[in-house]
Amino acid sequence: MSRMAEQQLYIHGGYTSATSGRTFETINPANGNVLATVQAAGREDVDRAVKSAQQGQKIWAAMTAMERSRILRRAVDILRERNDELAKLETLDTGKAYSETSTVDIVTGADVLEYYAGLIPALEGSQIPLRETLFVYTRREPLGVVAGIGAWNYPIQIALWKSAPALAAGNAMIFKPSEVTPLTALKLAEIYSEAGLPDGVFNVLPGVGAETGQYLTEHPGIAKVSFTGGVASGKKVMANSAASSLKEVTMELGGKSPLIVFDDADLDLAADIAMMANFFSSGQVCTNGTRVFVPAKCKAAFEQKILARVERIRAGDVFDPQTNFGPLVSFPHRDNVLRYIVKGKEEGARVLCGGDVLKGDGLDNGAWVAPTVFTDCSDEMTIVREEIFGPVMSILTYESEEEVIRRANDTDYGLAAGIVTADLNRAHRVIHQLEAGICWINTWGESPAEMPVGGYKHSGIGRENGVMTLQSYTQVKSIQVEMAKFQSIF
């Protein structure tokens, strides 16, 4: 693909030049080619976007629930019509295989938007009788202008996960995509406008997180920030949001999730789940089950099943339908993952497979890392303690249910957890003791629109998807009505 035209900001229904004068480049990680130069939003651009959003939000909130629902449903239709076009752009920008982006990223994002479009008429208040002449009623009102700050691993899906409930509740959103993968969020803005969204209701500001993101979190005109990213950045976002204007926040901050295989499990099923929990999207999924606990007596058999499945991984041309494994999203990220792999070797973990870059067959110029499985791991190892966000699985052994529950919970993170077992009683008994916000039994990874997702501990605050997320983009107003004569004590 030839280099794209310089990408601008999207404010008030159209493209506009950034006032900052700064730009950055977005790279195709499969081959290192520059996809586009992108303009970076500065402080004045954030001010412009907020003013635009304030104007648009008043128009949007004044529409009926059915009017808003119809517009969002039109956006869903356009997303599905352009699924392949958007998936190709997502593959170029992220490096993910087209077989994945064309069946997951836009599809699931559109599902979430359709879900919230259908929920809009269900945003209701309540009536509370107090006595014969006195009652209270409540209204759910939009927050106003909110900000979404996205991560680089699921660019358009995250933009939809954040904008869908916000817009459904009558808010306007200013979205800052990751500077690593900014392209499809701009296309989403075009689609919203084409569907009939009033100008200003969805503005997109590409830029560097430490600048553009900080300006958004500090701006007094923004009522809430929804952030997806790392813990350190999340703490800064939360601190800035509180210090500026006590903004509400939703935080999704990653994890180091346990996958527990019990001795009664079907090891073929367990191996299939472990593969998806570690190598889907080349390991760049926040919920990945990178700490795989297996009974000591099952370790050797489990390892053989994993090795057999690693052989089925197909890296190569990301647009080949048979390719199911792409490069990492960027060269700096690849280098960071490789540093973790070196650390694992130094600390005594045994490499079962992988452990280096992938080369040959057109891969030499890309950010490729081989699917890597470490075994003979221990809880104190760096690769077991820290989030790597790459194709790196750690296999650990255990002896008892009590032991594995304790060790699974021995982490600052609490985003996800899963177990594989044939015993239904054990499944629920153990899941109820795991300190994680998203749990799977005999499966892994699916996050449907109806399912609230989010973390415990350092993995986040608040939830995305589900009914409760729609409500989190509203504020409740209570109105007391007295029908009798008011009695004053004076």
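Using N, Cα and C of the backbone, Cβ positions are placed for all residues, glycine too.
According to Swiss-Prot, the feature active site, charge relay system maps to Lys162 (among others), an assignment based on sequence analysis. Of all Cβ atoms in the protein chains displayed, 27 besides its own lie within 10 Å of the Cβ of Lys162 (active site, charge relay system).
When secondary structure is read from DSSP and collapsed to three states, Glu252 (active site, proton acceptor) falls in the strand class. Annotation comment: Swiss-Prot describes Glu252 as active site, proton acceptor, evidence class sequence analysis.
The active site, nucleophile annotation in Swiss-Prot covers Cys286, and the record cites sequence analysis as its basis. Cys286 (active site, nucleophile) has a Cβ environment of 25 other Cβ atoms inside 10 Å.
Under 8 Å, Cβ to Cβ, and six or more positions away along its own chain, Glu464 (active site, charge relay system) finds Trp161, Lys162, Pro165, Ser226, Thr250, Glu252, Pro452, Val453, Gly454. Swiss-Prot lists Glu464 (among others) with the feature active site, charge relay system.
In sequence order, Gln7, Val34, Leu35, Ala36, Val38, Asp93, Glu179, Val180, Thr181, Pro182, Leu183 make up the list of same-chain residues 6 or more apart from Thr26 (K(+) 1 binding site) whose Cβ falls under 8 Å from its Cβ. The K(+) 1 binding site annotation in Swiss-Prot covers Thr26, Ile27, Asp93, Val180 and is backed by sequence analysis.
In the three-state DSSP classification, Ser233 (NAD(+) binding site) falls within a helix. For Ser233 (NAD(+) binding site), the same-chain residues 6+ apart in sequence whose C-beta sits under 8 angstroms from its C-beta are Gly209, Gly213, Phe227. Per Swiss-Prot, NAD(+) binding site is recorded for Gly150, Ala151, Trp152, Lys176, Pro177, Ser178, Glu179, Gly230, Val231, Ala232, Ser233, Gly254, Cys286, Glu387.
Within 10 Å of the C-beta of Lys457 (K(+) 2 binding site) there are 17 other C-beta atoms, taking all protein chains into account. Taken from Swiss-Prot, the feature K(+) 2 binding site applies to Leu246, Lys457, Gly460.
The annotation cysteine sulfenic acid (-SOH) is assigned in Swiss-Prot to Cys286 on the grounds of sequence analysis.
Annotation source Swiss-Prot lists site 'Seems to be a necessary countercharge to the potassium cations' at Glu248. The Cβ of Glu248 (site 'Seems to be a necessary countercharge to the potassium cations') lies under 8 Å from the Cβ of Leu143, Ala223, Lys224, Val225, Ser241, Ser472, each on the same chain and at least six residues away in sequence.
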Fewest other C-beta atoms within 10 angstroms, as judged across Asp93, Glu179, which are the binding-site residues: Glu179
Spatial neighbour of Pro177 (NAD(+) binding site) that is closest, considering only the recorded positions Ile27, Cys286, Gly460 and their CA atoms: Ile27
Cβ neighbour count (within 10 Å, all chains shown) around Leu246 (K(+) 2 binding site): 9
Structural state of Lys162 (active site, charge relay system), classified by DSSP into three states: helix
Close recorded positions near Val231 (NAD(+) binding site), where close means Cα within 10 Å, chosen from Ile27, Leu246, Cys286, Gly460: Gly460
Residues that sit under 8 angstroms from Trp152 (NAD(+) binding site) by C-beta distance, when 6+ apart in the chain: Thr94, Ser178, Val180, Thr181, Val329, Ser330
Cα proximity to Lys457 (K(+) 2 binding site), best match among recorded positions Ile27, Gly150, Cys286: Cys286
